[in-house]
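J.: Sequence annotations record features per position, and here Swiss-Prot assigns disulfide bond to Cys6-Cys21, Cys8-Cys16, Cys15-Cys38, Cys29-Cys35, Cys34-Cys59, Cys47-Cys66 based on similarity to another entry. Annotation comment: Swiss-Prot describes 1-72 as domain 'Disintegrin'. Positions annotated as region 'Disordered' by Swiss-Prot: 51-72.
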Amino acid sequence: EAGEECDCGAPENPCCDAATCKLRPGAQCAEGLCCDQCRFKGAGKICRRARGDNPDDRCTGQSADCPRNRFH
């Protein structure tokens, strides 16, 4: 939704303020394959294992999303 930084559906989420749908102070992310304990995983961390001839997908260190490698 517009203006939301995170999914405010779960009040127990330690990264997201359920009342405002904003990240809590100090949090970089609230969910995603490249989010761990409210912080972006480091660049190069595997977020999706290789399948077939495609290599592993790896976090960028700048986002909670797991980017698809260029071979997909």
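The first residue you see is number 1, and the count goes up from there.
Heads up, the Cβ atoms here are built off N, Cα and C, so glycines get one too.
Give me the structural setting of these features: burial, nearby parts and distances.
T.: Sequence-distant contacts of Cys21 (disulfide bond), defined as residues of its own chain at least six apart whose C-beta falls under 8 angstroms from its C-beta, comprise Glu1, Gly3, Glu4, Glu5, Cys6, Asp7, Cys8.
Contacts of Cys16 (disulfide bond) defined by a Cβ separation under 8 A and a same-chain sequence distance of 6+ are given as Glu5, Cys6, Asp7, Cys8, Ala10, Lys22, Leu23, Arg24, Ala27, Ala30, in order along the sequence. Taken residue by residue with DSSP, Cys16 (disulfide bond) is part of a strand.
Every protein chain considered, the tally of other Cβ atoms within 10 Å of the Cβ of Cys15 (disulfide bond) stands at 20.
Look at Cys29 (disulfide bond): DSSP puts it in coil. Around the Cβ of Cys29 (disulfide bond), a 10 Å sphere holds 21 further Cβ atoms from the protein chains shown.
Within its own chain, Cys34 (disulfide bond) has Phe40, Lys41, Lys45, Cys47, Cys59, Thr60, Ser63, Ala64, Asp65, Cys66 as residues 6 or more apart in sequence whose C-beta sits under 8 angstroms from its own. DSSP gives Cys34 (disulfide bond) a coil state; it is part of no helix or strand.
In the three-state DSSP assignment, the secondary structure recorded for Cys47 (disulfide bond) is strand.
Mean per-residue pLDDT, taken over the domain 'Disintegrin' (1-72), amounts to 90.
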J.: Which ones in the same chain are close to Cys38 (disulfide bond), with CB under 8 Å and 6+ residues apart in sequence?
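T.: Counting only residues 6 or more apart in sequence, the Cβ neighbours of Cys38 (disulfide bond) under 8 Å are Pro14, Cys15, Leu23, Arg24, Gly26, Ala27, Gln28, Cys29, Ala30.
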J.: Taking a Cβ cut-off under 8 Å, which residues six or more beyond the ends of the region 'Disordered' (51-72) line up next to it in the same chain?
T.: 28-35, 40-45
J.: Given the disulfide-bonded residues Cys35, Cys66, which one is most crowded in terms of C-beta atoms within 10 angstroms?
T.: Cys35
